[in-house]
């Protein structure tokens with residue numbers, strides 16, 4: 001083999017190893033910040049029972065984060081004098097989001113334990129899971145290792161987050177663009193309001209809250225799955241919901257040397 005061929009082979013192998021190393025993994029912080037996930041869990045268990053409606057809000061926050069530039073914490077960024085555009089936070093789809101101060105509270109105590117180690121993007125994902133769990137919802141694995149994005153643009157939020165007036169075709173397109181299918185769409189649509197099967201029963205009674213809810217019943221395939229969920233057990237729903245949450249949490253993540261680890265979730269590092 002020529003010197004060039006050998007060098008190219010080594011380059012490819014190193015590239016593969018680097019890519020595999022950069023993937024999300026369970027217990028990513030086991031060595032760099034071993035108490036991180038327990039600190040987050042304890043904070044959630046202390047505060048969410050006092051404000052249980054915040055669990056669905058934090059889950060919605062993760063959804064809105066992942067649908068714009070991937071799960072990179074860009075939805076958390078505030079407008080600053082150095083930014084040339086409005087951030088995602090002020091976009092119309094995000095003006096009703098809650099949970100920003102909760103995330104900031106978690107970040108503060110995690111930073112006290114391990115400065116500059118745990119990303120805001122991972123905190124959003126872990127808090128969403130732990131909040132749902134503490135209010136009686138399902139558990140799902142949350143691989144970590146996400147990095148925080150440095151860009152946040154309101155116009156991108158407007159373009160990527162499906163509005164409540166969406167028809168089925170536009171909903172499917174939005175989800176397909178993120179690697180999610182019709183089944184994922186049905187499972188996620190009800191999760192921001194309740195962690196039981198009542199949402200699906202209301203859909204079948206044509207009592208969906210938004211046009212986008214009613215749109216789900218215009219597809220025979222989607223309606224069949226809605227029927228299956230409504231008539232099934234909560235345990236079966238939880239299994240399916242856990243799968244889609246793991247899937248959503250991997251959307252366009254930044255890993256390795258991409259992005260940064262923010263010191264404050266609302267601000268990019270100087």
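Using the three backbone atoms N, Cα and C, a Cβ is placed for every residue, glycine included.
The signal peptide feature in TrEMBL is assigned to 1-22.
Taken from TrEMBL, the feature domain 'Plant heme peroxidase family profile' covers 23-269.
Annotation source TrEMBL lists disulfide bond at 33-114 (among others). Under DSSP, residue 33 (disulfide bond) is assigned to coil, being neither helix nor strand in the three-state scheme.
In sequence order, 97, 192 make up the list of same-chain residues 6 or more apart from residue 60 (site 'Transition state stabilizer') whose Cβ falls under 8 Å from its Cβ. Positions annotated as site 'Transition state stabilizer' by TrEMBL: 60.
The active site, proton acceptor annotation in TrEMBL covers 64. Under DSSP, residue 64 (active site, proton acceptor) is assigned to a helix (H, G or I) in the three-state scheme. Around residue 64 (active site, proton acceptor), a 10 Å sphere centred on its CB holds 22 further CB atoms from the protein chains shown.
According to TrEMBL, the feature disulfide bond maps to 66-71 (among others).
DSSP gives residue 265 (disulfide bond) a coil state; it is part of no helix or strand. Residue 265 (disulfide bond) counts 23 other C-beta atoms within 10 Å of its own C-beta, drawing on all protein chains shown. Positions annotated as disulfide bond by TrEMBL: 120-265 (among others).
Feature annotation from TrEMBL assigns substrate binding site to 162. Listed in sequence order, 170, 171, 174, 175, 212 are the same-chain residues at least 6 apart in sequence whose CB falls under 8 Å from the CB of residue 162 (substrate binding site).
Marked as Ca(2+) 2 binding site by TrEMBL: 196. Sequence-distant neighbours of residue 196 (Ca(2+) 2 binding site) (same chain, 6+ residues apart, CB-CB distance under 8 A): 234. Residue 196 (Ca(2+) 2 binding site) falls outside any helix or strand according to DSSP and counts as coil.
Among the recorded positions 33, 64, 66, 71, 114, the residue whose Cα lies closest in space to that of residue 120 (disulfide bond) is 71. Within 10 Å of the C-beta atom of residue 71 (disulfide bond) sit 27 other C-beta atoms, taking all shown protein chains into account. DSSP assigns residue 120 (disulfide bond) to a helix.
Measuring Cα to Cα from residue 64 (active site, proton acceptor), the disulfide-bonded residues that fall within 10 Å are 71, out of 33, 71, 114, 265. Taking the disulfide-bonded residues 33, 66, 114, 120 in turn and counting surrounding C-beta atoms within 10 angstroms, the largest count is reached at 120. When the C-alpha distances from residue 66 (disulfide bond) to the disulfide-bonded residues 33, 114, 265 are tabulated, the minimum falls on 265.
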